[in-house]
Amino acid sequence: MGIGNSQPNSQEAQLCTLPEKAEQPTDDNTCQQNNVVPATVSEPDQASPAIQDAETQVESIVDKRKNKKGKTEYLVRWKGYDSEDDTWEPEQHLVNCEEYIHDFNRRHNERQKEGSLARASRASPSNARKQISRSTHSTLSKTNSKALVVGKDHESKSSQLLAASQKFRKNPAPSLANRKNMDLAKSGIKILVPKSPVKGRTSVDGFQGESPEKLDPVDQGAEDTVAPEVTAEKPTGALLGPGAERARMGSRPRIHPLVPQVSGPVTAAMATGLAVNGKGTSPFMDALAANGTVTIQTSVTGVTAGKRKFIDDRRDQPFDKRLRFSVRQTESAYRYRDIVVRKQDGFTHILLSTKSSENNSLNPEVMKEVQSALSTAAADDSKLVLLSAVGSVFCCGLDFIYFIRRLTDDRKRESTKMADAIRNFVNTFIQFKKPIIVAVNGPAIGLGASILPLCDVVWANEKAWFQTPYTTFGQSPDGCSTVMFPKIMGGASANEMLFSGRKLTAQEACGKGLVSQVFWPGTFTQEVMVRIKELASCNPVVLEESKALVRCNMKMELEQANERECEVLKKIWGSAQGMDSMLKYLQRKIDEF
């Protein structure tokens, strides 16, 4: 690209000079190729006759920039020339090329919008509000392109708008306090934030809990932080408010810590000494009545870590914290305290995530919530139910801490209440007409393992294991295990599990028929969801009738077995020997802890 060797004698000759490789035109239909207007031009703001006819020679506008004086220049692609001959032309030289300028500005804005959408799709939840500044910048750029009019006065206005846009883009993101005061409706950003079911609870580090000293990682997140799956969920069915749902399941809002801590250590004499006092209770029961309970690892040997820890111990595990937070935030149809219910396409997903007990153990409150969720799933359009758990433990059976705490008042009455709760809980599984699929992600102990044969399909993680150490607990079997275990694995293996508490690995449980299939831990969730969606695509009538045919001869037998087991449990728990065995078990847990 070069300039002719002869010096032009007029302004018109200078503006119409073409590249050397092209033949010198005889008319004045071309524009200059120099990057700047020659110094010999006396009136730079007045376009020459050749430039006024430049529309017939301009092919397209390729780019634009600001020169040192702050004026806009456009990179022009000339007809009949390639990209090497593109020239930067001042805006005032393109008076008759407004169509090309508007077309370039339109394409430029579309590219900016596409880039913003691509960045927004890759952004994390914490970066959602950064789209506010991008959206505002895009709005200013759009206004700038519309306000661009050829002329000196309009050029100065466009320069001011572009400068303001660049200044806004360079500013750092607003602080968290300022973000909350911004009007998101004006910026075009729509953020769906689910509200917490319990109001008036404090928020520390983005989580709501009972107190800053012991903060539960599973509690609801702050309302200004949203997981990516929130906008993807579409709630179906009737939405129940916090008060109505709480009244329906018989629970009350939790304001104070549920489990007070004993200030001093619990000695062996407190647990083993069963000499009753004037009230008919042991010193250990007096301590429980006075202080509430003690911090005890409630799972059997083999569960090395509970699902809940102090938040300081979880600082180095951000992924697990996000997972728990995400599960709590994406519940779409119903809200509970100890479980999470998600209404999916064709099925209902129930996750154990207990707040009132350790390691997803079962107490009457948890059982009532599971029964309520199953009743709702039985009445809506769900084809099946998926039962799983949050954390590394599936279920640790009965919550003995909850039970012993209430035995101090009236042993016989509390034993009856606990037995009735188990009876109703197990009968709900027996009488449920739709298929129940269980995804066992970790250890299943006691009642958590006994209910598995009452379900239809059981998929297990490779790391899961199964144990029913009823003699260690000081109680008799429950959950219809006295009938279903011998049917599934034979009398010898069933007795070994029920009497001596043999622990089965996932592969052993699959070989004995307790588990349908075992998956690798890394792909467990994906494998389960693929198969669940396949089942959910089937005809619901076929699924329900198929289960009825399989279970028709067992329903009455299971209900009678459940009744017998609960009567025996009531008898054992109401006796002094039963309480003695339970206290010894808890003492061993204290020593192990």
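Residue numbers in this text run from 1 along the chain shown.
Every residue gets a Cβ built from N, Cα and C, even glycine.
What you are looking at is a predicted structure, and each value in this text was computed from that prediction instead of being measured.
Copied over from Swiss-Prot:
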- 1-14: compositional bias 'Polar residues' (COMPBIAS)
- 56-304: region 'Interaction with EZH2' (REGION)
- Ser83: phosphoserine (MOD_RES)
- Lys130: N6,N6,N6-trimethyllysine (MOD_RES)
- Lys130: N6-methyllysine (MOD_RES)
- Lys130: N6,N6-dimethyllysine (MOD_RES)
- 133-146: compositional bias 'Polar residues' (COMPBIAS)
- Ser165: phosphoserine (MOD_RES)
- Ser196: phosphoserine (MOD_RES)
- Ser211: phosphoserine (MOD_RES)
- 357-589: region 'Acetyl-CoA-binding domain' (REGION)
Averaged pLDDT, computed only over the residues in the region 'Interaction with EZH2' (56-304): 53
Ser83 (phosphoserine) in three-state DSSP notation: helix
Intrachain C-beta neighbours of Ser83 (phosphoserine), sequence separation six or more, cut-off 8 angstroms: Val62, Arg77
